[in-house]
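Q: Take a look at what TrEMBL says about it:
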type   : residues : note
DOMAIN : 21-316   : domain 'BBS7 beta-propeller'
COILED : 332-359  : coiled coil
DOMAIN : 374-483  : domain 'BBS7 GAE'
DOMAIN : 491-593  : domain 'BBS7 platform'
DOMAIN : 596-709  : domain 'BBS7 helical hairpin'
Amino acid sequence: MEIHLNRVDYIQVGVTSQKTMKLLPALGKKATQKVAVADHDGIITCFGMKKGEAVPVFKTLPGQKIAKLDLGGAAGTPQEKIFVCSGSQVRGFTRKGKQFLTFEANLTESINAMHVSGADLFVCASYIYNHYCDCKDQDYYLSGDKINDITCFSSENLTRFIPVLACQDRVLRVLQGSELSYDIEVPGPPSVLELYNKDGGQEILYGTTDGKIGLVQIGEASAATKWEIDNDKKKGGILCIDTYDIVGDGVNDILVGRDDGTVEVYGFDSASEPTLRFEHVLSESITSIQGGCVGKESYDEVLTATYTGWVTGLTTEPQKAEAGPGDEVRMSKEIQTKVEALRTELEQLQVKVLQGREQYQQTSQSSTAVSAVPVFSINDKFTLCQDDASYSLTLEVQTAIDNLLLQSDVPIDLLDVDKNSAVVSFSECDSEPNGNFLLATYRCQANTTRLELKVRSIEGQYGTLQAYITPRLQPKTCQVRQYQIKPLSLHQRTHSIDQERPMNRLSLVGQFSFAEIHSWVVFCLPEVPEKTPAGENIAFFFHNTFLGTQLEATYCKGEGHFKSDNISTISILSDVLSKEATKRKINLNISYDINDESVSYTLKMIHPKLEYQLLLARKVQLIDALKELQVHEGTADFLIPEYRNILDQSTNLLEEYKKQPAHLERLYGMITDLFIDKFKFKGQNVKSKVSSLLEILDNYELNSLLDFFNEA
């Protein structure tokens with residue numbers, strides 16, 4: 001059953017953070033609901049709709065940036081009190097706007113996640129969880145990785161509150177008091193949590209930064225995953241989730257907001273499996289989503305808040321009513337009044353802009369003029385995509401982007417992104433004296449506020465990628481954002497590895513502290529928490545998103561052990577760790593245990609990828625010649641089926657080849673590194689034999705490659 005929703009824009013506030021908009025409970029059965037939304041200017045805006053116009057209920061004064069907004073109230077009463085957190089402070093307001101609470105949590109870091117239930121307040125900073133009851137400290141927990149969100153529930157079966165933390169290391173941590181009860185592994189870093197049933201129940205919805213959604217049933221001692229929705233269409237990461245029966249079948253539907261502007265509604269089929277019922281794309285990321293009745297009584301809607309502060313409804317109310325002649329006149333009068341009001345507002349704004357420009361010109365030419373740089377917010381994300389082993393760089397600005405300059409001091413490839421409409425141009429750069437390997441400029445079309453880019457790095461080469469963002473503002477100004485490309489940049493955290501594979505080992509022993517070796521691992525590998533873990537030792541597991549090889553890192557004070565089935569990974573780690581130790585004047589005793597079988601194992605893992613890329617390259621080389629033959633002969637019927645198939649698939653083949661520039665060269669490079677590294681650990685320099693290796697790769701056959709590695 002499909003549903004049809006129509007878009008209505010209500011108001012625009014300042015830039016908003018994740019989960020900062022809520023619908024207050026309706027005062028009557030058919031009454032519309034008021035909306036409370038908080039922004040980066042520290043303002044809480046509460047409004048309702050009357051005759052199609054947004055009518056303010058209250059608006060607070062500006063202050064510190066608001067990170068989260070939640071509703072609360074005494075148990076058994078409507079949850080209509082508004083709670084916001086800014087910095088380490090929590091404030092409470094009534095639905096009329098009267099402030100009744102100011103609570104200082106005394107945390108060293110800003111609160112980034114909050115949940116309110118009755119007299120209980122649950123707050124999280126980066127790694128710290130605190131529980132307060134009636135503003136008195138109850139429980140405290142230090143997490144092993146960054147906390148992205150928190151939710152909490154109690155039910156008739158449970159005698160206590162159960163807090164659940166969404167942590168960056170792909171784990172949901174379930175707490176009991178100040179202790180970890182157990183954790184649940186999820187398929188990606190969880191970014192948001194939501195109770196499936198707000199009236200009770202033990203089912204929790206989670207959304208991940210790589211766009212997956214799941215439902216978990218939480219018990220006292222263990223949890224069960226009910227279902228998961230994969231992100232097959234490569235949509236954006238999940239920023240917000242809500243549940244509301246928008247379809248009207250008596251079952252809560254799941255409302256989802258993503259960071260690429262996609263709004264989705266999932267219903268349930270007869271087998272209780274989630275199915276997509278509705279999808280709409282806005283031009284910027286969705287920071288909050290709610291289901292309710294706002295615009296007109298009896299018409300349900302999905303209400304969203306976007307990054308730049310637009311509060312938008314997707315309503316079940318039909319926008320073009322099929323009505324009689326009298327109704328048409330009435331409708332046209334309503335629309336006429338609305339258009340006239342908008343024209344008046346537009347004229348007033350134009351006058352304000354002209355006055356502002358004149359004032360700016362006068363002040364800028366006066367003798368006491370001071371140049372003021374316009375301040376603008378940037379929402380950026382630099383994440384490793386598991387599917388194609390590339391980094392996705394997403395930049396979102398509160399105003400239109402004029403251009404973006406990318407500069408890198410390490411070799412990286414820019415990949416094509418379908419959603420990106422900006423025009424890219426490359427500048428020649430001299431890598432030797434300046435260390436510039438990439439200079440690329442993206443010129444954006446008018447009103448582009450969001451830009452998505454993809455880059456692929458080479459493992460072993462590390463440095464910095466810099467983005468210079470220039471918006472369409474006067475006077476011209478620019479902000480710089482820096483992103484670290486790490487030595488093992490294509491590795492991603494995982495929960496476990498296959499211990500049966502042939503492994504190479506690297507062991508370090510020296511006079512270094514736990515914090516020092518942890519900082520070296522943070523420097524080498526992505527997705528490792530910057531904070532030194534609690535305890536005396538730690539183990540991390542990784543897999544290489546490009547090749548599928550794996551790595552285990554186990555270390556403590558004075559000792560570190562690294563295991564990998566890829567000898568090149570061990571070689572990179574050895575070089576980088578010894579450099580870092582030398583910088584700090586620490587002597588390292590390094591030992592290796594090399595397994596020759598691992599090289600053959602890695603080559604066999606590369607084999608299907610290499611074979612596929614060689615076949616793709618050969619097919620692409622044939623396309624032009626086959627097209628010429630087809631034009632010359634007037635038909636392609638005389639060609640053998642294989643060639644006819646290449647012609648039929650030519651568009652897809654060219655598109656795929658274009659999306660993966662230098663893919664084949666990368667695989668050649670990895671095999672060459674593997675060859676050099678294998679013999680480096682034996683004390684042999686085989687760089688003179690690389691040309692013979694490349695000849696074998698040009699006439700590729702797996703067995704001859706294996707023989708070459710064994711005989712060299």
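Backbone N, Cα and C define each Cβ position, glycine as well.
Where the annotation comes from TrEMBL, it is an automatic prediction and has not been curated.
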Q: Per DSSP, what is the residue count of the domain 'BBS7 GAE' (374-483) in each of helix, strand and coil?
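A: The composition, in the requested order, is 4 helix, 60 strand, 46 coil.
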Q: With DSSP helix as H/G/I and strand as E/B, how many residues of the domain 'BBS7 platform' (491-593) fall in helix, strand and coil?
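A: Reading the DSSP string over the domain 'BBS7 platform' (491-593) gives 28 helix, 38 strand, 37 coil.
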Q: Summarise the model confidence on the domain 'BBS7 beta-propeller' (21-316) as a single mean pLDDT, whole number.
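A: Summarising the domain 'BBS7 beta-propeller' (21-316) by its mean pLDDT gives 90.
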Q: Which residue counts does DSSP give the domain 'BBS7 helical hairpin' (596-709) for helix, strand and coil?
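A: Counting residues by DSSP class gives 94 helix, 0 strand, 20 coil.
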